[in-house]
Amino acid sequence: MTPSIPVVVAGALGRMGAEVIKAVVGSADCMLVGAIDNTPGKEGSDIGLELGLGELEVAVTADFEGCLCAVSQSVRDAEAGAVLVDFTHPSVVYEHTRAAIAYGVHPVIGTTGLSPEQLSDLCQFAAKASIGGAVIPNFSVGMVLLQQAAAAAARFYDHAELTELHHNCKADAPSGTCIKTAELMEELGKSFNPAEVDEHESLAGSRGGRRESGLRLHSLRLPGLVAHQEVMFGAPGETYTLRHDTIDRSAYMPGVLLTVRKVRSLQTLVYGLERLI
């Protein structure tokens, strides 16, 4: 029988972290071994009881590195080591990812906000350590399909704008998913949205953020939303719109579990779910 995959979840009491724990506990080949969260008053409580899953005998801890150290020592086979699933905050995601690699724990990063320079540094660090990991801006298979369609459409349209919509507790803007979509559209090296008029914004930022390629990205934050993205292309006489809507966070769990299962066979850090499917 194949041993279960040891999984640590950081941000365990957050919306995404809680969904990940439910998915891990419900899977046949994963085992929850750590729950990291700094919510006041929760240190030492059983994560299963906190989430209504029954007692799991995994205590909530705020000691990130202490948890990774304990897990790395208990999992002796480095090639098939433990996995960290991180849904925390952009302000700590770089340090969390680097610490996981240093402890020989495979990072699966769902937290967005890494800069291109930080991502490059982490890729080099993981390659030197021969530790596989993944930075996934969006775990939805449907979003991967939208991104692929957007990249294909970018060959034929010179005008395009991207809009992402999220709940009002999301800390970063634009979303990592929106940035990733723009990057895929830009791989041809073309420029978008050639100027037709001399634009003037009476309210700064009205036209969204403009990338070097000319693509414009817009971010909306409202209660009631989960995660949504729209890519609109325009040409004389027509528009072409791609849209993906996540209405429940359970939609991400197949992608999370797929990444957890595959990441231990990697020797470096990959960026994007499309690299794994």
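Heads up, the Cβ atoms here are built off N, Cα and C, so glycines get one too.
Small disclaimer: the values here were computed from a predicted structure and weren't measured.
Here's what Swiss-Prot has on this protein:
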ACT_SITE  H166  active site, proton donor/acceptor
ACT_SITE  K170  active site, proton donor
BINDING   G11, A12, L13, G14, R15, M16, G110, T111, T112  NAD(+) binding site
BINDING   H167, G176, T177  (S)-2,3,4,5-tetrahydrodipicolinate binding site
Checklist entry - What's the longest C-alpha separation between any two of G11, A12, L13, G14, R15, M16, G110, T111, T112, the listed NAD(+)-binding residues, in angstrom? => result 18
Next on the checklist: Using a 10 Å cut-off on Cβ-Cβ distances across all protein chains shown, tell me which of the recorded positions (H166, H167, K170) has the largest neighbour count.
Outcome noted: H166
Checklist entry - Should the residue listed as 'active site, proton donor/acceptor' be counted as helix, strand, or coil on the basis of DSSP? => result strand
Checklist entry - How would DSSP class T177 ((S)-2,3,4,5-tetrahydrodipicolinate binding site) in three states? => result helix
Checklist entry - Where T177 ((S)-2,3,4,5-tetrahydrodipicolinate binding site) and G11 (NAD(+) binding site) are concerned, what is their Cα separation in Å, rounded? => result 20
Checklist entry - Taking only the recorded positions H166, H167, K170, G176, which one has a CA atom nearest to the CA atom of T112 (NAD(+) binding site)? => result G176
Item to check | Cβ neighbours of L13 (NAD(+) binding site) where a neighbour is any other Cβ within 10 Å | outcome: 19
Next on the checklist: Please report the distance from the Cα of H166 (active site, proton donor/acceptor) to the Cα of L13 (NAD(+) binding site), rounded to the nearest angstrom.
Outcome noted: 19
Next on the checklist: Could you check which of the recorded positions H167, K170, G176 is the closest Cα neighbour of G110 (NAD(+) binding site)?
Outcome noted: G176
Checklist outcome for this item: Quick note, L13 (NAD(+) binding site) and K170 (active site, proton donor): C-alpha atoms separated, nearest Å, by 15
Checklist entry - Using an 8 Å cut-off from the Cβ centroid of H167, G176, T177, can you name the remaining same-chain residues around the (S)-2,3,4,5-tetrahydrodipicolinate site, in sequence order? => result T112, P137, N138, E164, H166, K170, D172, S175, C178, A227
Checklist entry - To the nearest whole angstrom, what is the C-alpha distance linking G11 (NAD(+) binding site) and K170 (active site, proton donor)? => result 14
Checklist outcome for this item: For G110 (NAD(+) binding site), the number of neighbouring Cβ atoms whose distance to its own Cβ is within 10 Å equals 25
Next on the checklist: In whole Å, how far does the CA atom of G176 ((S)-2,3,4,5-tetrahydrodipicolinate binding site) lie from that of the residue listed as 'active site, proton donor'?
Outcome noted: 11
